[in-house]
Amino acid sequence: MEPLAILVLLCFPICSAYPLHGAVRQDHSTMDLAQQYLEKYYNFRKNEKQFFKRKDSSPVVKKIEEMQKFLGLEMTGKLDSNTVEMMHKPRCGVPDVGGFSTFPGSPKWRKNHISYRIVNYTLDLPRESVDSAIERALKVWEEVTPLTFSRISEGEADIMISFAVGEHGDFYPFDGVGQSLAHAYPPGPGFYGDAHFDDDEKWSLGPSGTNLFLVAAHELGHSLGLFHSNNKESLMYPVYRFSTSQANIRLSQDDIEGIQSLYGARPSSDATVVPVPSVSPKPETPVKCDPALSFDAVTMLRGEFLFFKDRHFWRRTQWNPEPEFHLISAFWPSLPSGLDAAYEANNKDRVLIFKGSQFWAVRGNEVQAGYPKRIHTLGFPPTVKKIDAAVFEKEKKKTYFFVGDKYWRFDETRQLMDKGFPRLITDDFPGIEPQVDAVLHAFGFFYFFCGSSQFEFDPNARTVTHTLKSNSWLLC
């Protein structure tokens with residue numbers, strides 16, 4: 001249960017660099033565990049020197065206290081025995097930070113009848129036992145909402161359920177036996193809503209091994225839009241624990257209020273009635289083949305094309321031309337929505353992402369430490385408040401920044417703005433009108449995105465060679 005995925009759980013001696021419990025020394029494995037746990041579930045971004053060498057360990061203490069508070073432990077700020085024991089417990093793989101009973105933005109299914117498919121099976125249990133466990137897990141949520149579920153045997157369902165080991169194609173590899181048991185994604189298109197179970201676990205229907213019904217009930221709560229709860233009585237509490245009454249799970253009031261805030265109560269006399277809070281209108285989800293579609297930013301990332309719009313982005317890969325649709329927060333939780341510009345400086349294997357007067361550096365699915373920074377650190381004058389578009393030209397190792405009717409050129413090698421800039425866009429890119437939304441450099445051409453149109457520009461001939469719809473990259 002993680003939030004680009006949702007996962008079910010889950011050095012040399014460290015002297016004064018890390019808070020210790022009494023005179024106990026933490027061994028390498030304990031420190032590795034603590035570091036990985038805080039990074040994975042509490043968004044801790046360590047600095048090697050600070051983490052292992054500085055005596056001022058307040059950032060570490062705060063993260064330990066944050067973990068202790070969420071999981072209901074005594075807030076000592078130290079790696080005491082109770083804290084280390086909790087870190088060893090199997091749990092959901094979704095991070096605990098966020099403070100939402102539902103996911104940010106409250107994603108939900110826009111219908112009450114939801115399909116699911118069990119794609120493959122664990123060898124630990126008979127197929128019919130797996131079928132029954134999943135059906136009962138969904139029934140837990142069905143009993144307190146208007147939702148109904150139906151299973152299909154082929155094709156794509158709203159919720160695709162599968163068993164896998166290690167790296168399985170979603171940036172959230174499983175870790176073998178223990179700790180992260182499973183993960184699921186919040187509602188949405190593509191792999192959103194799907195639930196993955198670590199097949200390295202020993203799945204069971206009783207107290208031995210890992211109880212599939214209990215884990216599935218938790219994970220499918222994520223598939224319906226619920227986040228983690230810090231209530232130990234809640235089914236959505238992230239740490240796994242077997243209940244002897246597992247055949248008759250009773251949702252906590254926290255669980256009921258969370259799911260009913262998304263879908264309402266079950267329309268029957270025996271349903272638990274909970275007032276449904278008013279919900280602010282959510283931003284519309286962009287439609288890829290909308291003829292009026294425009295993009296906020298466009299870039300490449302390690303050979304893939306990324307097209308950003310509001311809270312979402314499309315991802316088109318070389319091996320799968322059908323674009324995937326994702327929430328920005330699912331890959332980069334700390335990035336804002338409604339981006340202004342993005343470009344890949346692939347000589348540095350990173351993407352710079354801009355919004356307002358700030359920018360972030362991203363490598364893979366990690367936002368780099370030390371960001372955001374102010375755009376003026378790149379050499380812009382104080383009069384520049386935001387960037388409209390940016391693009392990197394690999395052959396020249398130059399980045400072009402477009403602002404209004406002008407553009408700047410940045411030397412990536414020297415990390416300085418080139419002299420003689422800004423210049424008018426129309427002087428050097430004839431046929432391209434000011435106020436560019438996004439720019440992409442690919443196949444020897446510049447592609448300028450302006451509203452719902454894009455212009456293919458040949459830099460050698462200094463002319464526009466084609467005019468296309470912006471979303472033609474999305475097979476529209």
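Glycine is treated like the rest: Cβ placed from N, Cα and C.
According to Swiss-Prot, the protein carries these features:
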- E219: active site (ACT_SITE)
- C92: Zn(2+) binding site (BINDING)
- H168, D170, H183, H196: Zn(2+) 1 binding site (BINDING)
- H218, H222, H228: Zn(2+) 2 binding site (BINDING)
- C289-C476: disulfide bond (DISULFID)
- 286-335: repeat 'Hemopexin 1' (REPEAT)
- 336-382: repeat 'Hemopexin 2' (REPEAT)
- 384-432: repeat 'Hemopexin 3' (REPEAT)
- 433-476: repeat 'Hemopexin 4' (REPEAT)
- 90-97: motif 'Cysteine switch' (MOTIF)
- 1-17: signal peptide (SIGNAL)
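Separation of the C-alpha atoms of E219 (active site) and H183 (Zn(2+) 1 binding site): 6 Å, rounded to the nearest whole number.
Rounded to the nearest whole angstrom, the C-alpha distance between H196 (Zn(2+) 1 binding site) and C289 (disulfide bond) is 30.
Taking CA atoms as the reference points, H228 (Zn(2+) 2 binding site) and H183 (Zn(2+) 1 binding site) are 12 Å apart.
Residues near H168 (Zn(2+) 1 binding site) in space but far in sequence (CB under 8 A, at least 6 apart, same chain), listed by position: F174, H196.
A straight line from the CA of C289 (disulfide bond) to the CA of the residue listed as 'Zn(2+) binding site' spans 36 Å.
Burial estimate for the recorded positions (C92, C289, C476): highest at C92, by number of other CB atoms within 10 Å. Minimal Cβ crowding within 10 Å, among the recorded positions D170, E219, is found at D170. Around H218 (Zn(2+) 2 binding site), taking its Cβ as the centre, 31 other Cβ atoms fall within 10 Å, counting all chains. When the binding-site residues C92, H218, H222 are compared by Cα distance to C476 (disulfide bond), the shortest distance belongs to H222. Taking CA atoms as the reference points, H183 (Zn(2+) 1 binding site) and H222 (Zn(2+) 2 binding site) are 8 Å apart. When pLDDT is averaged over the repeat 'Hemopexin 3' (384-432), the result is 92.
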